[in-house]
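Contents: one structure, followed by commentary.
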Amino acid sequence: MASSSVKVAVRVRPFNSREMNRGAKCVIQMQDKSTCIINPKQPKEAPKNFTFDYSYWSHSSEEDPSFASQRKVYQDIGEEMLLHAFEGYNVCIFAYGQTGAGKSYTMMGKQDPGQQGIIPQMCEDLFRQTADNTDPDLSFSVEVSYMEIYCERVRDLLNPKSRGALRVREHPIMGPYVEDLSKMAVTNYSDIADLMDTGNKARTVAATNMNETSSRSHAVFTILFTQRRHDNMTSLDTEKVCEGANINKSLTTLGKVISALADMHGSKKRRSDFIPYRDSVLTWLLRENLGGNSRTAMIAALSPADINYEEILSTLRYADRAKQIKCNAVINEDPNARLVRELKEEVNRLKELLLSQGLSNLITASGKYTHTHSFWERCNKFCTPGFECVVVFLKTDSIRQEREALLAEMGVSVKEDGGTVGVFSPKRTPHLVNLNEDPLMSECLIYYIKDGVTRVGQEDVDIRLSGQFIKELHCVFCSEVNENNEVVVTLEPLVGAETYVNGKRITDGVVLKQGNRIVMGKNHVFRFNHPEQARLERERSATQEQQGEPVDWSYAQKELLEKQGIDIKQEMEKRLQDLESQYRKEKEEADQILEQQRLVRKDAV
């Protein structure tokens, strides 16, 4: 997993006709990576300075040595993102700014020479590099989609038959996606150019105060780039998949998400803190690109005009905050491809190790390992003897042992052939077991308390009883190791939650001990087990006979009533009286009905 910050650039455009007609003045200055803005209403006030990965001065003409052309923007940002795409990462480039600030021009550009935006140049470069491939075992495929989000409705720009709004759904693994969004297979840059032109013509256009040709919508152009490789050694076909998103975005909800993510990464706030992705369709769809599994770049488009000072300053501030957002990108690699790659690396490492130790005689001229017959009695039925196969089996055996050790720690015993033998209480990990009124249902469920923070009833642990999630519990278990190298578990109730430990309702954190009874919401009963503490208690009382009643559901309920000041005997008598009263009432009603029926029959006779 590669953790990296969002790459942020700002770009200022020339004056448009509206700004020139109003005699606007430029309030933006740039030097190297620095951008500053001057307050036109307070000219004596010191300029506000910002530093970004790139500051592009596109306000003047191409004759200006400091002018940043479309090609320059692509070389800095687009080429790096294309390299990540070939490596197998998801990539995202989005333009952010006020209406009419130049987002569409930066991303799409024009068809005139030298005016192409990042997307056309990236697509052209993509096919140029795939065409230069000379590896017969490597092939490529490219699919594209183009959608528009307008007034929170998603529309397919490449399918003329798509009239209504498309639905946004969420896959449990892949995340949010647009249902029935068309994907078009393309084989060269001309195909993409034609589809871009078709999609751009279909976009919603409406006049605004800022720009009469503003698209007034969010456009998302997605490229699905797949690399397929055939491995001759293993006869496996493996894939790397990269999804690249290029987006033309506006403000409001996106700004909220950027602020929340910046706060989270710039402070000690937990990742579970709320990020308002679902406040808009756009931010929901692009959740992974904003702080998730993606290499992401942001280009903030700026107007240079003093009449737009407030909007420019707001954009600069959001761009400055976006630098704090961290993305955790992973290579979208086929598991088989990853295994083969890792095993080959291990083979080469071991070969170098043998050579460095003067054991080259163990490697034959063909690079194969000289093995013994006894070893192959275990594995000769699987493959031809050889150095690579030795590594494969050693690696497999190591992974199996690690897996069995992990399962044993979790309380699952397995046979040597991988078959499960049974489940038992974990040997070291603190955990909860359920207690039920029916003894046969007690201690049937085990909930592990992992290191760090475990939130019960929320994202980390969803406890199920009778098939239903307990969502109202909202308890937090904090597990940590103290200075004596002992695992200490603290239970902290959240505000408004009814949580009882040993019959007493708690409002502050409580350090749990072996055998503590925990009641959540008065209905869900658990016992806390701490294996290390239980072992020490058994050692202390090894010579003593265990006294007292068993700690079961009845014990926990009785304890709860007693600690709440409820007299159990009186409570049982009251319930018995209520049952007797109900019985008498029902009997009287039944007698009255029988008497009425008897009188009716008598009159009929």
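Backbone N, Cα and C define each Cβ position, glycine as well.
Heads up, TrEMBL stuff is auto-annotated, nobody curated it.
Feature annotations, reproduced from TrEMBL:
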- G97, Q98, T99, G100, A101, G102, K103, S104: ATP binding site (BINDING)
- 569-596: coiled coil (COILED)
- 5-325: domain 'Kinesin motor' (DOMAIN)
* Asked: What count of other C-beta atoms do you get within 10 angstroms of the C-beta of S104 (ATP binding site), across all chains shown?
  -> 21
* Asked: Which value does the mean pLDDT take for the domain 'Kinesin motor' (5-325) in this predicted structure?
  -> 83
* To do: Give the number of CB atoms, excluding that of Q98 (ATP binding site) itself, located within 10 Å of its CB.
  => 23
* **Proximal but sequence-remote residues of the same chain as G102 (ATP binding site) (Cβ under 8 Å, at least 6 apart)** => R11, R13, S58, A95, A301, L302, S303
* Structure fact -> Fewest C-beta neighbours within 10 angstroms among the binding-site residues G97, G100 belongs to G100
* Structure fact -> Counting across all protein chains, other CB atoms within 10 angstroms of the CB of T99 (ATP binding site) number 16
* Structure fact -> Listed in sequence order, the residues of the same chain lying six or more positions from A101 (ATP binding site) whose CB sits under 8 Å from its CB are R13, A301, L302, S303, T315
